[in-house]
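Database features (TrEMBL):
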COILED    267-294  coiled coil
COMPBIAS  159-170  compositional bias 'Pro residues'
COMPBIAS  230-239  compositional bias 'Basic and acidic residues'
DOMAIN    76-111  domain 'EF-hand'
DOMAIN    310-411  domain 'MRH'
REGION    1-21  region 'Disordered'
REGION    37-91  region 'Disordered'
REGION    147-256  region 'Disordered'
Amino acid sequence: MNEGFEIRRNYIERGLDTKTQRQQTLEKLKEELEQIEQVKDEKEQVKDDAERPEKDAIERHKSAWEEVKSQREAEREKERAATAFSELDKDQDGRVTFEEILFHPELDPDNTNEFTPEEAVSLLAEEPEVFQDKFAQFVWVKIKDKYSITPKTTETPEIPEPPAPPAPVDEPPKTEGAGDEVEDDLAIDEEEAAFEDDYDDYDEDDYDEPLEDEDLEDEEEEDDDDGDEDIRRYREMREKRKQKKDQKTDDDMPEYDSYTKTLIQIADDARAEYNEVNDKMKEIEKNISTLEKEMGVDLGMEHEFLPLQGECYEYSDREYTYKLCAFDKASQRSKSGGSETSLGKWGEWSGPADNKYSEMKYTGGLKCWNGPDRSCVVKLKCGKENQLMGASEPERCVYEFTMTTPALCNKKIDLTSGNMDGHDEL
Ligand code: MAN
């Protein structure tokens, strides 16, 4: 008791010191917060001011690009109409007649087997024949979705060849020609699809690292290793596809002009500065909230429980290891493994009115099956060390820890007289 009494004195000193320190730190943090809030507001203003012209310039660039694209599309549409006109105009007399339209049964408006002259006339804007201008203006839009080019020699309709079956995966890779881009793409698609069908189980990521030269040599020697060969070809395909994606085509938006780029750069800088200050501010707010939480805990009349705050203590019986993190949480872990079971979070001092600091209560732990949320009471008594002395479960899911702490040693014995000379430090 006497040793504990001395330690308690020290605890009180530390407790009061820390209390003052915390108050000072909190004040400083609050000042910093006020200042940084101001800086943040300023940076936000600068950022907003930079983002407005940036947004306008980007929108201008984009809408100019949209304009170009739609003009190009209109051009292409005109070309398509001209090509169709020339193909439809079988006798090349500069007019498309309803008789010529009848060569295209796919244009039948009601998709019946019978494509009548009346129906053909209706497609030609109710005329028996149209010139190119009128065709482009009124007719093309009505037929373009259904129209399909047929071979010029229609006397004996040709039966189209059935499409070639997809290339089997163990065929040698096709040599790349200066062929049509679309066809090329389709070939990659087909080959890739065939590969993926056969090699569903491969995890692409497993094969992402670049092949060493050695590996390639090995592959050449060990021809029987089809799997590796396929993987290499699959990678080649992906690489080809990637290169295609990276190439800029006429359909990609052109780079921003230098004026817009400058505005974006200015706005980027303003955003970066704003974010930096904003992050700092959040950090300060977090520190304030942690500190306020710590300061919100009742650490005894003289702050004598402060040295326990943030410390954890353990006690093991045959089945479980119990843990108390003072003013934070209590838990239980089975010795045979498994995860920690929460027995409650710091709640309140729950001792009797004349000895309030002799008992702590932790509540709201993991729900007990068919029972209450787990909770834990910690019975404290004077001892020269902070130590968990026991743990029990007097009722199912209601736990009781016993603990010694010098923080409760508020009496001193006169060793000569045996008198309890101590009294509350107060
Ligand atoms: C676990 C432990 C015990 C508790 C039971 C209730 O086994 O938390 O302490 O009694 O659950 O089901």
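Yeah, the Cβs are placed from backbone N, Cα and C, and that goes for glycine too.
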Determine which residues of the chain contact the domain 'EF-hand' (76-111) at the Cβ level, with the cut-off under 8 Å and only residues 6 or more beyond its ends counted. 117, 119-124, 128-132, 135-136, 139-140, 143-144, 146-150, 152, 154
Looking only at the domain 'MRH' (310-411), report the model's average pLDDT. 97
Over the span of the domain 'EF-hand' (76-111), count residues by DSSP class, listing helix, strand and coil in order. 20 helix, 3 strand, 13 coil
Helix, strand and coil residue totals from DSSP for the region 'Disordered' (1-21) stand at 20 helix, 0 strand, 1 coil
